[in-house]
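Novice: Before anything else, here's the structure in question.
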Amino acid sequence: MSTSSADLPIDETSRARLADEGLRLAVVDRTDPAAYEAWFRAETRGFHDAAPSPETIAQRHRGLEADRRLVGVFDDTAGIPEQPVATTICWPADLTVPGRRAVPAWAVSGVTVSPTHRRRGIARALMEAELRTALALDLPAAMLTVSESTIYARFGYAPAAFARDLTISTRRVRWTGPVPDGRVRLVTAEQMRDDGPAIVERVRLGRPGEMSYAGHLWTRQLGLGPGDKDAKKLRIVRYDDADGTPQGFAVYDLTMDPADFADHELKVRTLVAATPDAYAGLWRYLLEVDLVSTVTAHLRPVDEPLRWMIDDFRAVRVNELDHLWVRVLDVPSALGARSYGEPGRLVISIDDPLGFAAGTWAVDVDAEGEATVTATDDPADVWMTVNALGSLYLGGVPARTLIAAGSLTGDAERLDRMFRAPVEPYLSIWF
Ligand SMILES: CC(C)(COP(=O)(O)OP(=O)(O)OC[C@H]1O[C@@H](n2cnc3c(N)ncnc32)[C@H](O)[C@@H]1OP(=O)(O)O)[C@@H](O)C(=O)NCCC(=O)NCCS
């Protein structure tokens, strides 16, 4: 990678397309506080957030990581011409793939188009620009978490890791799971800021779909983000094992039911456990807090063992959502980066309307599950859309589901033996 992600020149194809409409696509000068402020105000407005205070903007600017690439679309005829009418922020992050390893991927975030400029093809120009930028940076895949699941399939992304929201009726629940001998301690956000990253890092490679992160994406989980209006409500517990080593933590808040003080809702915002003991210790603590009748937890893994650790399976209601969307760009690099469950040769034909991944590719998997991927003229064993490839990539979507949906043809059992991961993919954060 010769140029850093923040400095690469703007994509020429999308720049020219938007210039034809009198719009200017540009990389925002991240070192200029005024340019950052204008970009940040446009981004928060795009997500319908309250206008940020000058202090919040200044703190976010000071904390902006060096690899963040800010892009804006400017319209000199707009009401506030210095503020972009469309935004993105992107950076390279390590995405865990099957085999306890990671592939560098382009994290695409902050995608907004002003309501005054919607449905004129601006998002399309931005999205295509980001895919070409990712390839220019030698990144084999792009990824995002989405506000609506209707937007990104047309750009080749597909759901690859799912998540669940849980609602637990604690009065129906008796803990039947393990009772580990470590300790749960209430700690401050500042303590956790220092202890937490090592725990997050120990978990990351064990779970396809997790990504590397630091900075604002970390501190905001603890209420330490600039201008965090919920910070005072947060409680943080850390699980230390019998040797005193921190192995997990949970962040939660409590909301009172005005009609009954004994009916608080405890909302689990984050729960990270590096060991089974930490997992059991933290969940048991959370389910047994007094004056609480309901525990809710957002964005939990689909294979959460919690329901097997309490005596009433139906005390937990589950709502599933698509969470991490993946877009494969460079097939040999992306498919060559993960491991496979069965050796052999599979020739895959990929249909990609944007062209990046299109072609016929031979995946040769050796006895250790390592793959070599090359372009081939051999007849294909399986055919799939680039979206189906994205869904298969982390090993979480069964081939037969995609065959039923018409986006894949081939031998489902063989594909599953090769592609399915032993651990369900999961991403524990929004970005
Ligand atoms: C979503 C958003 C970025 C789309 O911007 P836009 O400039 O209006 O989109 P475009 O005009 O480039 O549309 C591109 C394509 O996506 C489709 N599309 C755009 N927004 C869509 C939506 N919300 N749902 C379904 N399809 C959508 C368009 O119909 C168009 O389809 P086509 O090219 O296949 O004909 C914009 O509506 C927005 O800022 N929304 C609020 C913030 C948000 O949700 N951002 C996404 C964060 S993940």
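Cβ coordinates come from backbone N, Cα and C, glycine included.
According to TrEMBL, the active site, proton donor annotation covers Tyr152. Per TrEMBL, active site, proton acceptor is recorded for Phe431. The annotation acetyl-CoA binding site is assigned in TrEMBL to Val111, Thr112, Val113, Arg119, Arg120, Gly121, Ile122, Ala123, Arg124, Ser147, Glu148. According to TrEMBL, the feature domain 'N-acetyltransferase' maps to 23-180.
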Novice: From Val113, Ile122, Tyr152, Phe431, which recorded positions have a C-beta atom under 6 Å away from some atom of ligand 1?
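Specialist: What lies within reach of ligand 1, judged by Cβ under 6 Å, is Val113, Ile122.
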Novice: With an 8 Å cut-off on Cβ-Cβ distance and a minimum sequence separation of at least 6, pull the same-chain contacts of Arg124 (acetyl-CoA binding site), or say none.
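Specialist: In sequence order, the residues whose Cβ lies under 8 Å from that of Arg124 (acetyl-CoA binding site) (at least 6 apart) are Phe155.
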Novice: I need the CA-to-CA distance for the residue listed as 'active site, proton acceptor' versus Val113 (acetyl-CoA binding site), whole Å please.
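Specialist: Each residue's Cα considered, the residue listed as 'active site, proton acceptor' and Val113 (acetyl-CoA binding site) end up 18 Å apart.
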Novice: For Ile122 (acetyl-CoA binding site), what is the secondary structure by DSSP, using just helix, strand and coil?
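Specialist: The residue in question, Ile122 (acetyl-CoA binding site), is helix (DSSP, three-state).
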Novice: Among the active-site residues Tyr152, Phe431, whose Cβ has the fewest other Cβ atoms within 10 Å?
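Specialist: Least crowded of the active-site residues Tyr152, Phe431, by Cβ count within 10 Å, is Phe431.
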Novice: Compared by Cα position, which of the binding-site residues Val111, Arg120, Ile122 is the closest one to Tyr152 (active site, proton donor)?
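Specialist: Result for Tyr152 (active site, proton donor): the nearest of the binding-site residues is Val111.
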Novice: Neighbour count, 10 Å Cβ-Cβ cut-off, for Ile122 (acetyl-CoA binding site): what number do you get?
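Specialist: By my count, 23.
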